[in-house]
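Remarks on the structure that follows.
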């Protein structure tokens, strides 16, 4: 800490003293845990696919470095730069998603990827944080100026994005994006009655998906009645936790990773459960909870509605994704391909998360002149009204 | 302008206040959700934890199936299981197949290197290299440190006594299924998981088994015989203390044994056992009342029935008393006695003592007796001296035991009987007849054809059997089946020892005779000498008076020809 003086005016020094260092530490912890788990979990997968044993592990190391650099770089940006960057990224992602739909390669019956300089990127991963910031900007605009139709525009953008995602088809990301959009509307002051309506709409949407999207139907059926179909992945994941016990079978001793096709991505939490035990899993869940809850509570100190909505949306996105992944691993939710933030293997996911957390860090940087006992400026201003 | 700004600020402030409240609510909801996941994680890892992950690994699962031990009557282990390891390879992970094959062949010399190399080069992910390695071989393979080789734990059936009692025990296949002997007969009982800790206790006594097998092997060698068989039976219970058939095999490698060695001559083979059957004829005649000790039979002339001629092997060519018929083993006398009894009663008697149906022994290798389809007079006559009927040694021993033990028939068994399982046998002859049979059989050894079976102090009694083996169109005079059934001690019979020698050749010491009295009888004597102390039978001075009455009958007929 003494390396950088508070009087130092350089960019790095100013960043260090203003950034949310605890959030930074928590994210770096997750990255470290993810690297350890990926090294173990991905080797049998690589072997199965006939790739060099450390194929995934090496790539993950590269992704991790890129993600970390991206996060720190973005966290240096000002609020204005974050807003402008997100709008540009959002536009780019929309274009890329249309391109993906038209020309993208077809993996497992879905067109989600686009080739960029040798890497296959999933534009949807970047669309989510960009959308959260853009819609926050629109909602905040509406809060500041009643005549500005921010809500309507944001809703329109949501419908557009959701439509593109459903066309891929990627129901999970659609639900995730819808949840973030709903949370932002709630934060922006949606009346309680409307919140109820939104809840109903969400349930109806999920039900409609269940009725009309075959693979969603299938997965829900299996979740509700395990005997109705092949629950091999879920059962294996549960066995992994039970085999691991409290302290795990030991690093590298897991058997699940040898039989689960997605051991290094969707089911990495189960691998952690088997090899490192329930206590380590509990710590991972705890770190996710701390990042999300602490982040949200700290937003109550913010004055700028844009910051509250954007950071709130990004943190919710992060939290929901972690929740869904862990929930599926623990058989609390129906099977859904969703990566565990910062821990699962995956380039797009890693970079998008680096970007998201970078934006959160940038948005929540403290004005160094506003430290000390906080003035309830809003109340003061309220008296003037 | 300022006014609107302030108003907007005011509205914004309320909005922000509401946003703050909702932020906290959302944070709490997230907290609740994460808490639920934490609880679920602990629930799975702590309260539903399992010691081992089963069915997780796809290729190698340890076979848990076990098999109960087999022990002898005193608890000596005859068959048990050893944990062994079988070697397999994942050829994809073998770095240098040539090198690996060369190194493995040095440790496991019975593998063909070319074949092994082909296996290690294949594209499969699992190939067996060798089942059931010795610990030393396993250590050596591990010491190679080659990747791609692994062991699977297995159980191997082991017979620590080797060849001893091989025909009783039988053997199992590599997967532990019984293929012969009690292993086959009790397969489901031995592999029953609920009874795995309870050994199967046989009636066999390894010490007796060893003495029996050893002496039969010596007899086969001395008389250049083709094969041999024998058994030791407790005449009071029917328990078999030993059962041997030579040539035998090592049940540890039972699968590779030749057919001839697998054949159980003591229970599976049926033979025309010859004169030993005269014991049944005499007992039958006494029991039905057509004869008594003073009955006399004219054995001066051979009997001619159509194209058959019945003559004596040791011709006395005179009138013979009933004891003399037995002691001198007169075919003519026995045939006449049987005719007096009649075909129907003979058949009924032989059926009652178990000669006409297979023995109910607890092994799968039990032979069916061969009996005449039509029981004519000629059959009655030949059967009286043990020809024209083929039974297994186990059947014969069961019947003879009933002749001497007071008249009760106990089915032969290989399973040890506990005190509470001691049932009274099925009465087949009277106590009195049995008493006479004991004296007559003792006389055969004291004064008759089986003097070489006598063991001082043990009062051996018995009956020789010398049968010509059936050949095309009749009997081969030089191919004999020589046997002797001995019981000791004759004043209170405990054990029956039966020995059969297949095609013995006479030696100088036997003046080239190869009959039961010259080959099987001395073998039984040697066996009794070895096993009597083991079985706790004490030598006693013989009470000569016991045999006077029968002996006088012999003297009488000599005095009054």
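Glycine too: its Cβ is placed from the backbone N, Cα and C atoms.
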Item checked: transmembrane segment per TrEMBL - which of A:126-147, A:192-213 -> A:192-213
Notebook entry, point to check: Looking at A:231-255, A:306-330, which one does TrEMBL call transmembrane segment?
Noted result: A:306-330
Note to self: Using a Cβ cut-off under 8 Å, which residues of the same chain at least 6 positions beyond either end of the transmembrane segment (A:153-171) come close to it?
What the structure shows: 94, 97-98, 100-101, 110-112, 124, 127, 131, 134-135, 138-139, 177-178, 181, 184-185, 209, 213, 216
Check: For the transmembrane segment (A:21-41), which partner among A:61-79, A:86-104, A:192-213, A:306-330, A:342-364 gives the most CB pairs under 8 Å?
Finding: A:342-364
Item checked: Touch test for the transmembrane segment (A:306-330) and the transmembrane segment (A:342-364), at least 3 Cβ pairs under 8 Å -> yes
Checklist line | Long-range neighbours of the transmembrane segment (A:342-364), counting only residues six or more past its ends (CB under 8 A) | finding: 19-20, 23-24, 27, 30-31, 33-34, 37-38, 41-42, 56, 59-60, 63-64, 66-79, 81-82, 86, 89, 119-122, 125-126, 128-129, 132-133, 264-266, 268-269, 272, 284, 295, 298-299, 302, 307, 310-311, 314-315, 317-318, 325
Next item on the list: Quickly jot the same-chain residues contacting the transmembrane segment (A:86-104) by Cβ under 8 Å, restricted to those at least six beyond its ends, or write none.
Entry: 111-114, 121, 123-124, 126-127, 129-131, 133-134, 137, 160-161, 164-165, 167-168, 310, 355, 359
